[in-house]
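Student: So that we are looking at the same thing, I have put the structure below in structure tokens.
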Amino acid sequence: MYPVTQMGPALQCLVILPPKSKRRKAIVAGFVEVYRGPERSYKVTKLQPGVRYTSRVQAVNPLGEGPFSLCSAYTTQATVPAAPEPPVVQAAASNALTLQWTPPPDNGSPIIGYRLERDDGPGTEFRHCYVGPNTWHTVTKLSPGTVYRFRLRADNDEGQSTWSPTASLLTGAAPPDSPAALQVVTPLTTSATLAWSPPEKDYGSKVVAYEVELQAISRAAVACMGTAWLKIFEGEALACTINSLCPGCAYFVRVRARNSAGWGDWATPVNLTTAPDVPEAPLSLQPTSCSESTIVISWAPPRHDGGSKGSPTALPRPVLCKAQSPLVVYNREHVGAELRNLQPGCRYIFRLQAVPNFGPPGPAGIITDQRLIVGLSFKPCYRGPDTSCEVRGLEPKSTYALRLRAHNDVGPSEWSACAAAITSHAPPTCPVSVVAQPASCCKILLCWMPPEKDNGAAVFSYTGGSNSTSWSQLYLGEACACSADGLAPARTYQFRVRASNVCGCGPSSAVVTATTLAAPPSAPGKPVVLSRAATNIRVRWDEPEHSYGAVVTTYKLEGAPAGTDEWTTLYEGSEATGDYSECEAITTAMMAPMPPTNVLVSSDSTEDAAASGPAETAFPSDGARAETIPIVTVTWQDPPAVSPHAAAMGYEVEARPKPGSDVAGASGGGVVKVTVASRRCDTRLEGLVPGCTYAVRVRSVGVEGTGHSSWSEEACVAIQPRLDVDTASVCSASAAGGGAAGGNSIAPRKGGAASKRARRQQTLSATAPPAHSTAPAGPMAAASARAPSTSGDEAVAPTATRARSKPPTGVLGKRGTATTSVALPRPRPKSWLVRLGECSSITENLFSCIFGPNWRRDAGKQLQACVNYAIIIAAVVIFLVFIHWHVSSRH
């Protein structure tokens, strides 16, 4: 071994794993350097318990590392096992759990056993349920659908581990218990209502359905459905009504519950007996023997007596004695009778009816058998000279025997034959124990007990009435309970009930009162928009008409875009409840429209004669002169429809004089405004001051009061100075090189004031300075020279403006001198294309889309250009077809 230098030895440790180590995967076998230094001893820490380690040492000096020493092996001390993981469920049943767990690290000492404990829930103590070496165990005798807590620990020779974390495990579900309190609520003649309570335990799974079965007991019921149990209901309700039952028959009913684990046990069957009804008709009525005054008849009992023991009754009716009503001649329980004291030679028709104890009354008859009246106790009910009387105070549906005898001064006579009479049925008495209880804000439950006396006829219906402002019927049926629905919340109602049988309705019961519960308020009033803007609205609504017993504390306002059903809450309080009001369509205000674009201005003029006269010549009065009126035509382009800007319903055009223009004496400072009340994109401005320069601008007027747009860009136009007829005549004469009496002058009439004024005007014109007569010759001559080159529709006036009407060819000047006037052109007639476009707003909009906003001016040119293009294209196509044909013919 090399000597130890300052570099010191290097210690390496080799891990030797035990054969059955539980941490074989956690520890990597091989030598690992654990220390390097000058010391000759070192304490190795953080070793695993119960693991065998091998160590070796190596010396190192400046020349290098020496060989390793011999190995030294040792084993760390073992300890208790680590805490195991919680057990998991391998299999679950309703009363057992099979648990499984993974062995924990044994820490050097083999595990010799496990201890498993459980408790029955929070608050109870753990108790052991398994001790042994297995890694699984089945725990039995558990309750279905119950949560149990389990914990586990491991043991070895060194001791016991700590407990594992607690695991809460649930047993499987089991079928529920049978329903409780099965009872028959309201048995009627052909139906009955059953009710029951949920099972006490559902064993870990909610009850989802109930099943009711019915078994017949009575003979009539067995004949209809047999003796087997019949399923009549399955559902989630805790009550059901069975229909199509036989009257007065007995049945057995039973019910059971079902959850996710299956059906539970049947509840104890309950006896169900329907209410009795009238029996069926007797069978096989026939005479068995007949003599001159006696007939013996027999019959068979009805198939079903209606649930009440009946007594058949035979009613003979003599055919030859039509005035005599049918009489009851027999009323017994036997199925045969002997009828005596009949009239010889008469034909009798018999009919038979089975009358139950509560059946219809029978008419009066003569008791011929004296044995029937033996033992009866008679009481006097009338004494007097009349031959008829009315006996009162009798019980309804009761049989009475009546007899009569006469009295005179000598004494009484013998008793007459007894007459049997049965009092008729009567309406029943009023129901008893009427109770009204509120069930909700709009429903009140009403129940009662049958009347104490039905007066000989069974009660077949009850009538319930309610009163808030006036009495009204709310129920008519056989049950002894009903509900009043559709009532107003928080309102007091009065109720009364009366029973009915075949004789009519009995008296009403005492009035009972009940008040419905409070409810959410009714809908508020329809929202009304007070003000609106582009991004907000102000809404007002009225209070609900009814608060229904509670104070309104808050409101909730919702809104949705028109045409959709996407409601969003605009305003909501802390406890907003109740119905919503009627919907109100609200549209926010749109923004102002966009300004027009491409504003163009063209200057026109027309001449207005101051005096009337012939079509070609006018003779104005003194001081009058013909003048040209300046007119400006303005066109623009409709602004584009850009959301959320409103559309334009009209336009406003304004012509404002430019600074420096002479508008002295003009009204409104020379500003001219025109309003266009349609979607037309052109207008004409009149009343402009001659010799001024105007700035013209246009703005849009929005629909539905959205206001005006901003002004468009300004377009400037210069108005020519005013040029009267005198100046025009002088300029025309000067330009033509002639005098005042040119070829176009008109000689004045001889004599009179007019002739004098004409001669004086000629004199003044001849002596006028040359400057006045030649000053305007240049521009007017140029206009006259250009005039022949224009067409009649586009003749240009001396002011280069379009005329409205044809002026006279010659007028008298201001001083009476005959001068030559300039002929202004007539208005250009509208072409057929313009007339076609203006025939309706649809064609006008269509032409605007095709030819642009200035379609009146450019439509003809564009249409002509299209025709020219079409002719050129057609010529090219014809030429190409000809070339193709020529080439094809050569080949």
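Residue numbering: from 1, along the chain as shown.
Placement of Cβ uses the backbone N, Cα and C atoms for every residue, glycine included.
OK, TrEMBL features for this one:
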- 1-79: domain 'Fibronectin type-III' (DOMAIN)
- 83-177: domain 'Fibronectin type-III' (DOMAIN)
- 178-277: domain 'Fibronectin type-III' (DOMAIN)
- 281-375: domain 'Fibronectin type-III' (DOMAIN)
- 430-519: domain 'Fibronectin type-III' (DOMAIN)
- 616-722: domain 'Fibronectin type-III' (DOMAIN)
- 734-815: region 'Disordered' (REGION)
- 765-789: compositional bias 'Low complexity' (COMPBIAS)
- 867-887: transmembrane segment (TRANSMEM)
Student: Per DSSP, what is the residue tally for the domain 'Fibronectin type-III' (83-177) in helix, strand and coil?
Tutor: 0 helix, 44 strand, 51 coil
Student: Using DSSP, how many residues in the domain 'Fibronectin type-III' (430-519) fall into helix, strand and coil?
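Tutor: So the domain 'Fibronectin type-III' (430-519) is made up of 0 helix, 50 strand, 40 coil.
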Student: Just to be sure I understand, if DSSP states are collapsed into helix, strand and coil, how many residues of the domain 'Fibronectin type-III' (178-277) fall in each?
Tutor: 7 helix, 48 strand, 45 coil
Student: With helix taken as DSSP H, G or I, strand as E or B and everything else coil, how many residues of the domain 'Fibronectin type-III' (616-722) land in each class?
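Tutor: So the domain 'Fibronectin type-III' (616-722) is made up of 7 helix, 49 strand, 51 coil.
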Student: On average, what pLDDT score does this prediction assign to the domain 'Fibronectin type-III' (281-375)?
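Tutor: Mean pLDDT for the domain 'Fibronectin type-III' (281-375): 61.
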